[in-house]
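To start, the structure under review is shown below, and the notes come after it.
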Amino acid sequence: MDPSSLLSKAQNPVVVDSEIEGTTKITYIEPIRLQKRRVVLGVLLSVITSFLFTLACSWSKKLVRKFFFKESQMEMATHMWIINNDNSNNISKLMNKQNEIYFINRKLNYIYNTSMNAFKALEYDLKTKRELLQAPGIQQPILFQEKYGKCLIDIPKPNLFVYLLKELTAPFYILQYLSCFLWVLEDLAILSIIMISVSLIFTTINFLLLQNSAKKLRNMAKSLAQVQVYRGLQPCNQQAIQFRKIDSKDLVPGDVIAIENKMTLPCDCVLVSGDLLMNEASLTGESIPIPKIPVEDLDQPVSFMTDKRHCLYEGTKVLLARPKYQHVVAIVGRTGFSSFKGQIFRSVLYPKVQPFAFYSQGIKYLICLAICVLIVYFALLHRMITVGFSFMIIFLRFWDALTWIVPPALPIFVSMCQTYSLIRLRQKGIFGIDPTKSLVSGKINTVCFDKTGTLTTIGIDMFGYQLRNQQKFAKFILKNQVKSKNSLEFKLFATCNGTYEIEGDLMGDSLDVELFKFTDFKIDKNPPQNAKSRVVNREGIVLDVLKLYEFESALQRMSVIVKDTDDYYVFVKGSPEKMAELSMQNTIPTDFKKNLNVLTMKGLRILGFGYKQITQEECERLMNASRQECESDIQFLGLLAMENKLKHDTPQVINLLNNACVDLKIISGDNPLTTVQCARECGIIPLGKPVLLLDYNEKEQQLSLDEIGVFEDNLNNNQSKLNSEIDILFDEVEDVNESSLDHQQIMNKLVQHLLTAQNIKRSIISENDNLSAGHCFAMSGKAFDYFWDQLPHEEIKKHKRQSFAGFEQPIDNVEQIKIQGLTDEELHNKLFASICLKAKVFARMRPEQKSMVIEKLQQLNKMVLMIGDGANDCAAIKQANVGVSFAQSDAAFSAPYSSADDSIDCVRQVLLDGRCALQNALEVFQYYVGASVIKYIAAMINMSFGQNFADLQYIAINYIGSLPYLKSISLSKPSILLTKDLPNESMMAISNAAVLSFQIIVASFGLIINFLYWNSFEWDNEPSVVNGKFSKEGTIQTTLFKSIQIYFIMAVIAIYTSRPFKQKLVTHKIMLIFICISLSFTLWIFFTYQEWQYTVFKLYNTNTQHGRSYNFIQFLLTIIVGLVMLIGDEYFIKRVFPNNQNQIKKSRVRPSMQSYVS
């Protein structure tokens, strides 16, 4: 190898990760140089090959890269070879502007840094927070606009000419043109014109659908408005700065703008003056007021990912603006596709294409079929020569044979199945934006649910609370047992929440709103200038919230600094586990874990709360201190219990999914015990089944394995009895984690349990093991992190199959496992995979962890559907094979499916319609290919006697005998019952191949029988080859034309599969109508004859020479063969070649890790 090439590769630039790339990133770049000589050679090749080389280049960017470019150093490069994180390729031209080298990829500019030898997506440098507060207005906006572009998300408008040029030059269409060219040479010009016309019509219809979808995206992206901007020299935090109005599209990064009430933001900004209350439903799907505060005067850089409380995002709406001076002021940070909303649109414009076996396996089957057809061609070659065909006709028939086998319009009819699926779901209130997901959803075998707002209602009810009494908890207080609401805990409840009053309505997270209502406090509409908010009650208690740290998922808490007349407090509220960490240990009750377990096992949502009292001087200091300092030395006060009920139909839908053997899991950020109880109540975990909770103690750096027993909830609505029974529970229930096991023992027990669950003999487990196959698994986010961090991720990507090969192999005995021997790393990998497959609950999961769980399941060959309703579910929804959302806002377009209703029954509907669409696509493939081969066999028999079908006969066969059936199949509706059966999308599967092959073989034999019976008669003046060309009329082609109509009818009835995916054939009115029309037409031409039949279809009157008995016997023979096609398929093929892979099977993990057990 040339050493210079090695040097070049070693010095290849890299792409530095940037926030503005979102999920659409570049994984590899390489500088390349365009070779002018190769361009000239490419032009010559295109001319010589009649532009076939040009077409090949348009299909393969790798070919363009290899032929026209060569590797180069950056100094000599003209283009960049780009590989994106979805494995797509792109060649982008290197440009030089304002002494900056850059290239454009997927709407973003990437700027070259010479010193770092790296590219980075262009973004405006906001510098530090302190510099932002002193920033002046932009003085040269035109230069900034040239560099950063206009402030708008410009969704490309589809161009009809460009679309047609791209679509009509696709490989299948080129094959169609080849077919039409061959037919013209064979004197079948009318058929060619009809074929091209139909394809053009279908392509135009698809363009109109694409144009409609793009129009909706453009409307969603549009955010044009008048904005007040300051472009002066004074710092933006001054009181007397003057604003002027401009169009929002003219904004540039660095602009200082005024934020007004009811305003929809046209860009991403950083707040520098005043307070805001924002509705971010357009991004998160949650209509919860989000408070925003100005950046602090600190020497820290601003990040739109980590400083969300200071950042405003495009598309979000201002609910309430509270200016410090005359205006609320913000500085523009990101515009266009660089904004957070722009990132979402980039992911929509460039979706990740997931491989699907339907297409690849279908092509393999067509290749096998083409070989068989060519064998038929060569078998009849001698006969065609003997008959007298010219060499040109014989040559054309060879290529014609290939075009018969690969129907050019096949992709159109498959896409029809996808489009009709979306239409059916839309009628049920489920809106889909990605047609390809219609087929993918037909193979879903695992469904992951978010908990709150998905399985349960969004609304939440107050249940009660429990305070600390010295070293233990006091008696639990139900909400209707409260006597006074002036105590310290009610001051905490009234202030430590995210509730706001806007136009007379309380807004915020449902938990906070319900908690605030419980306190009987009211929000003062005119708080003092130095307070964020003020609340008062009837007894005259006045509480001022001086500072608020809003709730953050990563921190699992919120806090406030409150003034109560002359007293000052820091109030903190969050998850019980987090509060236990923050609070002083001498204030944690000794029965903390026991009481927490009792409440969570009832399915209640539990929060911990605490406080610390401070002096006025400490308050002033903490106002400018860090959050960590503010929330230190907290005294634990108690536990708060909220009731989050299941949606009314959740148990019924879960029961239907369980009956269909769909693997169901919950991935939630909630408490593990609460989530487990929810899983039990809805049926994801059977009520009588104990659960093993796998957790990780970060302080002790050790795994914990706790058994969560079955909580029998026999409590009724009688509140007095409810209270007494809770007291009894507190006395009787022991700590879940009483027994202490070391790390090694935990690993051993995990291994033992997983082996036990595989029906392995009890004797292989140690006598003191008390685990049984009746357990389910639950895993915490900390335990998930422990296993995930030890995975060799790069190796998994390279050797995925090898890494998990042990899971699918059955384990017969311990000796077999011990012989294999596993290292600690291999054990962790296999154990982690086993737990992920068996776990029913993943709790306390961060948003990114939810996505990682989905990714792990996909690595283990699971097809996953994720359904969620909040911002913390977006990453998981995108990662899943199919995502479903409840969002009633612009956020819905980021999920492939969004439901207008909040019922999880939409999951069942998506699965039902997905299986129907996949089965429809499979049947369209089978029928279209089968009909094409049958037509080819009939044509070859005709050719053996110097005849062929006439133009209008071909048109009738293609568009009367085939098109209605293909249309009817794609219109088939789904079954109403979800079963454990799954469509087998692989045409190479013996069950599918057998069905299609049987239809082709029987119909071919039928045509041969029709031919043999015809050949048993003497026919006078039978047309044959004239001047080396075939005749388009004759008795043999008349006979086969009539018979082929019957075979088509029988084939579509045999291929149509109703149970268990689709409606029964007898209820498919459109299909029955087409069958009746086709059958009536066939009977008419079989037993009657008028002169128009010859004039239009070139049909001969076969009764004139041998009487009516000839047609009757031919009809009888055809019907008998047709019945063989029907009966043989139902009672022979499907029984001899059953589809053994078409059921969802419960995961059986057989990990080869017993050698780890002592």
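In case you wondered, yes, glycine gets a Cβ from its N, Cα and C as well.
Just so you know, TrEMBL annotations never went through curation; they're auto-generated.
Taken from TrEMBL, the feature transmembrane segment applies to 39-60 (among others).
TrEMBL lists 160-184 (among others) with the feature transmembrane segment.
Through the fold, the transmembrane segment (190-210) approaches residues 158, 160, 163-164, 167-168, 173, 176-177, 179-181, 183-184, 408-409, 412, 415, 419, 951-952, 954-955, 958-959 of its own chain, all at least 6 residues removed from its boundaries and within a Cβ separation under 8 Å. The transmembrane segment annotation in TrEMBL covers 190-210 (among others).
Marked as domain 'P-type ATPase A' by TrEMBL: 242-348.
Summarising the annotation, TrEMBL assigns transmembrane segment to 365-395 (among others).
Annotation source TrEMBL lists transmembrane segment at 993-1014 (among others).
Feature annotation from TrEMBL assigns transmembrane segment to 1034-1058 (among others).
Marked as transmembrane segment by TrEMBL: 1070-1089 (among others).
Per TrEMBL, transmembrane segment is recorded for 1109-1128 (among others). Note on the transmembrane segment (1109-1128): residues 998-999, 1002-1003, 1005-1006, 1009-1010, 1013-1014, 1017, 1039, 1042-1043, 1046-1047, 1049-1051, 1053-1054, 1086-1087, 1102-1103 of its chain, located 6 or more positions outside it, place their CB under 8 angstroms from a CB of the stretch.
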For the domain 'P-type ATPase A' (242-348), the number of residues DSSP places in helix, strand and coil: 19 helix, 40 strand, 48 coil
Contact set, same chain, for the transmembrane segment (39-60): CB under 8 Å, 6 or more residues outside the stretch: 67-68, 169-171, 174
Spatial neighbours of the transmembrane segment (365-395) far in sequence, C-beta under 8 Å, 6+ residues away: 185-186, 401-402, 404-406, 929, 933, 936-937, 940, 943-946, 987-988, 993, 996, 1024-1025, 1027-1030
Averaged pLDDT score, the domain 'P-type ATPase A' (242-348): 84
